[in-house]
Amino acid sequence: MIEADRLIAADNPVFRDEEVIDRAIRPKKLEDYRGQDHVRSQMEIFIKAAQMRQEPLDHLLIFGPPGLGKTTLANIVANEMGVSIRTTSGPVLEKAGDLAALLTNLEENDILFIDEIHRLSPVVEEILYPAMEDYQLDIMIGEGPAARSIKIDLPPFTLIGATTRAGSLTSPLRDRFGIVQRLEYYKVDDLQYIVQRSADCLNLSMESEGALEVARRARGTPRIANRLLRRVRDYADVMSDSHISPDIADKALNMLDVDVCGFDYMDRKLLLAIMEKFNGGPVGLDNVAAAIGEEKDTIEDVIEPYLIQQGYLQRTPRGRIVSDRAYLHFGIDRPDK
């Protein structure tokens with residue numbers, strides 16, 4: 001699938017081998033969690049209140065586009081609360097017993113973090129309801145007429161769920177989270193701070209303007225910013241003296257085919273296809289997918305969100321429409337309609 005090869009795809013599995021570096025440069029405390037000020041200020045109060053009452057933090061749901069720091073925030077909460085965190089994901093929990101095993105091994109006030117929580121199976125989700133509300137497990141023993149239900153008490157714990165699709169959560173599950181936080185795309189100055197901090201953690205020689213160049217093209221996403229930084233580092237090591245100046249950063253990013261707006265090949269292909277083949281739209285998703293040879297889910301979940309958020313593309317009841325801003329970006333005159 002083309003999406004898997006995109007350097008700027010925030011959830012690109014090709015770069016899983018670099019997660020060790022990612023963990024090394026992730027912030028560990030709320031004071032270092034830059035760019036989500038409303039989330040940080042609220043979580044500081046919620047965490048301090050829970051500590052004052054010597055209670056577990058209320059269950060927390062974190063949602064937003066890929067790469068904005070949902071897992072990072074979950075680990076920060078665990079560090080701030082001074083508790084252990086167990087991490088899993090929705091697709092991994094196939095049977096009720098999988099979740100029951102995790103829950104029964106939690107210590108008091110521990111955190112259970114479930115990534116992609118919207119992908120939990122209905123059977124597993126049913127187990128969560130009494131666990132979240134009453135700290136109890138309801139388990140069926142036996143089958144048929146001889147079946148009986150037993151209750152197992154659980155230590156007080158905090159469930160943190162992360163998802164890119166909050167709308168896909170069932171209402172009963174969503175309503176059981178006492179705290180809900182949405183992560184937004186980052187501003188350029190916050191991303192510049194993150195890039196510079198990551199460069200310092202990696203002992204890189206980098207000018208502030210070089211960090212700014214990377215931040216401008218990172219699509220408002222820290223994960224992409226850090227990935228681009230590593231590729232710029234490679235370029236600087238080979239093509240210069242390892243020092244990252246604005247000029248080196250610009251040349252490296254141009255080599256990577258990431259333009260000044262953060263668009264890569266697939267972004268440009270989608271926008272140009274709508275402009276050149278469909279006169280700017282409106283055009284349906286099926287036609288767009290056929291025109292660029294990409295899957296519909298990839299277009300909706302990976303390519304389009306940033307283009308829409310930045311005002312280059314619109315989703316309407318009649319289909320996709322390219323905005324005047326996109327025509328201006330490519331230097332193309334909008335056709336008269």
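These residue numbers are counts, starting from 1, taken along the chain as shown.
A Cβ is built for glycine as well, from the same backbone N, Cα and C atoms used for every other residue.
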Figure out which of R219, R223, R227 sits with I25, R26, G67, K70, T71, T72, E133, D134, Y135, R176, Y186 in the ATP site per Swiss-Prot.
R223
Using DSSP and collapsing to three states, where does R315 (DNA binding site) fall: helix, strand or coil?
strand
If you count the C-beta atoms lying within 10 Å of each candidate's C-beta, which of the binding-site residues R315, R320 ends up with the smallest number?
R315
Pairwise over I25, R26, G67, K70, T71, T72, E133, D134, Y135, R176, Y186, R223, annotated as binding ATP, what's the top Cα to Cα distance to the nearest Å?
37
Among all the protein chains here, how many other CB atoms are within 10 A of the CB of T71 (ATP binding site)?
19
Distance check, please: Cα of Y186 (ATP binding site) against Cα of R315 (DNA binding site), rounded to an integer number of angstrom.
22
